[in-house]
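Colleague: Here it is: the structure, laid out below.
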Amino acid sequence: MFLNKLLRDGDNEDLAEERRKATFDTDEMAAIIWEGKEVRFVRRRREITKKVIEYTELHDPFCQAFMTRHEEVENAARKVNSVEILKSFCNNYLIFSKTHTQCFSEVIGMYGHPLALHAVMFIPSLQAQCADDQMHWLKKAMSRQIIGTYAQTELGHGTNLRKLETTATYDVKTQEFVLHSPTRTAMKWWPGNLGKSANHAVVVACLIIDGKNYGPHNFIVPLRDPATHMPLKGITVGDIGPKMATGPVDNGFLSFDHYRIPRTNMLMKHAKVTPEGKYVPPAHAKVGYSAMVHVRSHMISDQAKFLAQALTTAIRYSAIRRQGEIQPGDGEVKILEYQTQQYRLLPQLARAYAFSFTGRAVRDLYLRVQKDVAKGKVDEMAELHYITSGLKAVVTHLTGEGISQARMSCGGHGYSKASNMPDLYGIAVAGCTYEGENMVMLQQLARYLMRAAKEAEKGRALGRLVNYLVEPSDIHSTHLKAFDKAAKLQVMKAFERMRSLRAQGLSDEDAWNANAVELNRAARVHTRQYIAHQFYEQVSSVADGRCREVLRDLLHLHLNYELLDMAYYLLEDGFLSGQQVDYMKEDMYRLLAKLRPNAVSLVDSWDISDHELRSVLGRRDGHVYENLYKWAQESELNRTQVLPTFEKYLKPMMMEARAQSKL
C-alpha cells in the first residue's frame, strides 16, 4: 500500500513514479493542513467533491476561460442558486456547518459569485454591528431574503477612512439619516456584487449631527426595489467594468442623492444616535476593528490556498515535463530534477505551508479576542489589528510573487489560461489592494512598532508580539533567534532614524514620510519573524511522526530561505558571519535535494481536486498534452476554419499586394 493516496492505475507514469516515493501518508498530511482535523474530514471533503461532480446543474456548460463576461456572471448566479442542494445533502449526514459550506464553495470553484461579499463582509458586519433590536436584518441576510454587500471604498478614497466623503446627516424632525454623495469622488467604487446583484448594502458614511462630523459609521441601506430589482429613487448604481480577474463578480459604483433611511438603519451595537440627535460613542473605540480584522484573518488562509493551487500545478507539471539532459546521452530529464526548478518552487511550497499554519493561528487568536471583547476586554484587539495588517500586506505580496514564479516555471504553457495561472494570479493579487492597500497596512503596523520601540527604550514591559525588543526568545532555535534579532535591528534602526530626522528640524509628519521606506522594512521583517514563529510552533505540535519529519524539513527550508533574504541586517550587525551565511546556503541546497522526492506528495496533500484546480497542466492523472489539445478545441475561433476577418481584411490585403507585385 502506497502512502500517497492519489495514486491511480492509468496515471502518467512519470507522475505515478513520484507518488510511489512518498515517505508520509498524504491523507494524514491533508488532515494537518485542513485545520488539524482528523482524516475523516478529508474523506468528507472528497464526498462533497464527488456530489458536486454528480450534480450536472453545478457544472459549467463549457470552459469558463471561453465565456463572455455576461456568461460568467450568469453561470455563477446559476450555481449559487443550486447551493441549496448542499443543505439537503449535508443534512442527510447530520453535518452542516460553516466549514462544509466553505468546502462546497471551493470545490465548485466559486471564488467569485453574486453572494461572495454577502457571505464574506455583509453578514459579518451585521453580526459585529447590529444591536439586539436590529437582528432582524441578520436573520434576513442569513436566510438570503436579501442580498447584501459592504460599501466603503470610494472613487477618491479607499484606505484613508477619515477622508471618506459620503455623508449621513441626521434629520431630527423626521428621525432619518440623509445619505448624500456631495462630489463625483464620493461615489462608492469597487464593492463586490454591488453592481447588479445586491439589493442592500452596509454603507460606510460620515455621520453628521448639527453640522458636526463624527467620522465614519455603518448604515444598512436598501438599494433596489425588492420586487423589480430597480434602483430606488435617489440611488445611482451599476457595474464598474472588466478587471484582471474575478469576472463573475459585479464590482459596482453607488452614489446617493439626498437619499433617506430611518434612524434605526444606523448599526448601533456600539455607537448610537438617540431620537433627539444625541451621539453616544462606543464604550471602546477599538471595537470598530472587528469586521476588518475578521476578513484579514481569513485572507491569510485564502492566500495560502491560492499559492498551494499554483504550486500543485507547477510541481506536478515539472514532474511530467522533460526538457534537456543533465548527463549527455542519458536522455531528457524531468525539469523537477534541475536545482534551479527546485529552488524556484520548493521554498514557495514551504511558504504555502507557513501561511496556512499562520492563518490558523491568527483565526484562533481572533476568536479568543472576540470572546474577550464580548466581556468588555479589548486589551488585545489593537495588537490583533496590527498583526493582521502586517500579515495581510506581506502574505498577499509574497503570494503574488510565488504564483508568478510558479507560472514562469511552467514555461509557455503557464501563460495559457489552460494552466489557470493567469486567473489565479489575478484573484490573489487583488488582495494586495482590498481591505487596505499594502503600503498603508505596513505603515499602520510600523506606528505600533515605533510606539513599542519607545517603550522598550524606557525598559517597560511589552506585549507578546513585540517582546523580542526587550528580551530574547526562550525558544531553543538558532534560526528563530536570528529572526528576532533581524526584526529588532530593523525596528530600532527605523526608530533611531526617526529621532535623527526630528533632530534635524523635521516635523513628526515630515520625518515619518522621509523615513517611510525604513518603516515599511521594519514592518515586513517583523511580520516575517511572526510567520516563522507560528510555523515553528505549529510544526512542533504535529503528532504524526512521518508527517512531522517532512514538515520539519519544510520548516528549515523556509527558515533558511527567509533568513538568507534578510541576511543583510544580520551581517551588518555582526550577528552572522559570512561563513555562517554560506552554511545556511549549503543547508538550503541539502534540503532542496532531500525534499525533492516528496515534492509531488506535498502538493497532493492539499487535496485539491481537478474540479477546484481548473488546470490542464496540474491534472491529477498527469495526462497533460492530450488534454491541452482537447482544451484548445473549445476555442470559439475553432468553430470554423475560415474566419470572416479573412474575407473582410486579410484576403483583400494579400490580393492588393499580389496585384501591386505584377506592375
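Note that Cβ sites are derived from N, Cα and C of the backbone, with glycine treated the same way.
Any TrEMBL annotation is an automated prediction that lacks curation.
The following feature annotations were taken from TrEMBL:
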type     : residues       : note
ACT_SITE : GLU435         : active site, proton acceptor
BINDING  : THR153, GLY192 : FAD binding site
DOMAIN   : 25-147         : domain 'Acyl-coenzyme A oxidase N-terminal'
DOMAIN   : 289-450        : domain 'Acyl-CoA oxidase C-alpha1'
DOMAIN   : 478-654        : domain 'Acyl-CoA oxidase C-terminal'
Colleague: Would you kindly give the Cα-Cα distance separating GLU435 (active site, proton acceptor) and THR153 (FAD binding site), rounded to the nearest Å?
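Modeller: So the alpha carbons of THR153 (FAD binding site) and GLU435 (active site, proton acceptor) sit roughly 9 Å from each other.
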Colleague: Using the alpha carbons only, what distance in Å do you get between GLY192 (FAD binding site) and the residue listed as 'active site, proton acceptor' once rounded?
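Modeller: Taking the Cα atoms only, GLY192 (FAD binding site) lies 12 Å from the residue listed as 'active site, proton acceptor'.
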Colleague: Going by DSSP, is GLY192 (FAD binding site) part of a helix, a strand, or coil?
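Modeller: Going by the DSSP assignment, GLY192 (FAD binding site) belongs to neither helix nor strand, so it counts as coil.
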Colleague: Just to be sure I understand the packing, how many Cβ atoms besides its own are within 10 Å of the Cβ of GLY192 (FAD binding site)?
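Modeller: The Cβ of GLY192 (FAD binding site) has 27 Cβ neighbours within 10 Å.
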Colleague: Comparing the recorded positions THR153, GLU435, which residue's C-beta has the most other C-beta atoms within 10 angstroms in this structure?
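Modeller: That would be GLU435, with the highest Cβ count within 10 Å.
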Colleague: If you run the three-state DSSP split on THR153 (FAD binding site), which class comes out?
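Modeller: Looking at the DSSP assignment, THR153 (FAD binding site) belongs to neither helix nor strand, so coil.
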